[in-house]
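Here is the structure we will look at, set down as structure tokens.
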């Protein structure tokens, strides 16, 4: 039944992204590098055992890569003006994990598995390790040959709900997808500077944001006295579940855009459905991740298969 459900979901997505899915497929490396997904999974599992926050880090990396020129690993390039140097990418980490995975794959199957697919697969595996869904995802992406920090225009935490949703709909997704992907904040961490005004002087009023639970204000103040970051899901910060949605319905959203999801007419009904049904949220999250993983991908003879994820060939 599960295999049929996965096939059905991918069939629907094929018609949504016909060009991308024409050359992406589940098991793309089954002949050329049959151990590829096992190598990725084992190294991610090792990292997760030491640093459970790897899930949040890889989700952030995958999102930031896909939403700038597509899922092409352009974020991984080291240079003085690459995407990696742009302000919004300053908090992206776990590049060293991608390097280790790439090194093992190159030893096993030289010039075969793209860095773009490594990021996609590693993110998928880290979500499952954190208690999220296990799912199949198409592979066959190729790596981009361009990485420019001027192309990075990712939104900040005060973006409106309509603005956030439009980022996803402009990429071929819908509102359910947008809210599901923002639900990845269930394992996220936020720099205290991103919400400091909400707990001190909201919009220059000298008082905290009235839409935030006062108990959360106090808790975040204490956290930010001793740490530069705070969990975006204060209930189960290392567990991939629907607690994030339950929290924002209780006025316990840490980022302003997260809290707005629970009250905006465009998204509050979806938030309620995800909060009330963890299985439904996880199914929708899988659909959204597969869609996002097909955004503006390079396939066939386009792009390249990098030998080192930090450098163009």
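Counting begins at 1 with the first residue displayed.
Note: Cβ is positioned from N, Cα and C throughout, glycine not excepted.
Per Swiss-Prot, disulfide bond is recorded for 33-109 (among others), and the stated evidence type is sequence analysis. The secondary structure of residue 109 (disulfide bond), as reduced to three states from DSSP, is coil rather than helix or strand.
Here the Cβ of residue 60 (site 'Transition state stabilizer') has 20 other Cβ atoms within 10 Å, regardless of which shown protein chain they belong to. According to Swiss-Prot, the site 'Transition state stabilizer' annotation covers 60, on the basis of sequence analysis.
Long-range Cβ contacts of residue 64 (active site, proton acceptor) within its own chain (separation 6+, distance under 8 Å): 75, 83, 88, 89, 92, 152, 154. For the recorded site, residue 64 (active site, proton acceptor), the DSSP three-state label reads helix. Annotation comment: Swiss-Prot describes 64 as active site, proton acceptor.
Counting every protein chain shown, the Cβ of residue 72 (Ca(2+) 1 binding site) has 28 other Cβ atoms within 10 Å. The Ca(2+) 1 binding site feature in Swiss-Prot is assigned to 65, 68, 70, 72, 74.
Non-local neighbourhood of residue 66 (disulfide bond): 292, 293, 295, 296, each in the same chain, at least six residues away, with C-beta under 8 Å from its C-beta. The feature disulfide bond is assigned by Swiss-Prot to 66-71 (among others).
Annotated disulfide bond per Swiss-Prot: 115-309 (among others), in sequence order, evidence recorded as sequence analysis. Under the three-state DSSP scheme, residue 115 (disulfide bond) falls in the helix class. Residues near residue 115 (disulfide bond) in space but far in sequence (CB under 8 A, at least 6 apart, same chain), listed by position: 73, 76, 98, 102, 143, 306, 309.
Swiss-Prot lists 155 with the feature substrate binding site, giving sequence analysis as the kind of evidence. Residue 155 (substrate binding site) carries neither a helix nor a strand DSSP state and counts as coil.
According to Swiss-Prot, the feature heme b binding site maps to 185. Note: residue 185 (heme b binding site) has non-local neighbours 232, 233, 244, 255, 258, i.e. same-chain residues 6+ apart with C-beta under 8 A of its own C-beta. Mapped onto three states, the DSSP output places residue 185 (heme b binding site) in helix.
Under the heading Ca(2+) 2 binding site, Swiss-Prot lists 186, 233, 236, 241. In the three-state DSSP classification, residue 236 (Ca(2+) 2 binding site) falls within coil. Non-local contacts of residue 236 (Ca(2+) 2 binding site) by the CB criterion (under 8 A, 6+ apart in sequence, same chain) comprise 186, 243.
Under the DSSP three-state reduction, residue 224 (disulfide bond) is assigned to helix. In sequence order, 192, 196, 199, 230 are the residues of the chain that are 6 or more apart from residue 224 (disulfide bond) and have a CB within less than 8 Å of its CB. Residues or ranges marked as disulfide bond in Swiss-Prot (evidence: sequence analysis): 192-224 (among others).
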Of the recorded positions listed here (60, 68, 72, 74), which is spatially closest to residue 33 (disulfide bond) when Cα positions are compared?
72
For the recorded positions 68, 71, 109, 192, 309, which one has its C-beta crowded by the most other C-beta atoms within 10 angstroms?
71
Non-local Cβ contacts of residue 74 (Ca(2+) 1 binding site) (under 8 Å, 6 or more apart, same chain)?
65, 68, 82, 83, 143, 144, 146, 147
Within the same chain, and leaving aside 65, 68, 70, 72, 74, name every residue whose CB is within 8 angstroms of the centroid of the CB atoms belonging to the recorded Ca(2+) 1 site, in sequence order.
66, 67, 69, 71, 73, 75, 83, 116, 144, 147, 296
Distance [Cα-Cα, Å, rounded] between residue 155 (substrate binding site) and residue 109 (disulfide bond):
38
Which same-chain residues, if any, lie at least 6 apart from residue 241 (Ca(2+) 2 binding site) yet have Cβ under 8 Å of it:
131, 132, 186, 278
